[in-house]
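The structure under discussion appears below in the form of structure tokens.
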Amino acid sequence: GPQRPACPQSAEYGSCALRKMSVMEALELLDQLVDESDPDVDFPNSYHAYQTAEGIRRAHPDKGRADWFHLVGLLHDLGKVLALFGEPQ
């Protein structure tokens, strides 16, 4: 099929050379961000990530063996850390 042009972020971030961090470090870094989509929230962004993962676990107990499902809830906002490196929210 036709090849899609690379996005400009791919050239800048694709090599992961800017900064390497663990998921836990990224969650902690996310707490430094004031999320423009929810600026009035009084708790850290990482708390929202844990809330989401736990909410998925509670809402879907039948998927207990599908660890990836809970993981998606935990990771869903991690891309927002790029705002701390100059990307728009």
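Positions of Cβ are set from backbone N, Cα and C atoms, glycine also.
If you look up TrEMBL, you'll see HIS48, HIS76, ASP77 marked as Fe cation binding site.
Feature annotations (TrEMBL) mapped to structure.
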residue: HIS48; record: Fe cation binding site; Cβ within 10 Å: 18
residue: HIS76; record: Fe cation binding site; Cβ within 10 Å: 14
residue: ASP77; record: Fe cation binding site; Cβ within 10 Å: 19
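Within 8 Å of the centroid defined by the CB atoms of HIS48, HIS76, ASP77, the record's Fe cation site, lie the Cβ atoms of ASN45, ALA49, THR52, GLY73, LEU74, LEU75, LEU78, LYS80, excluding the listed residues themselves.
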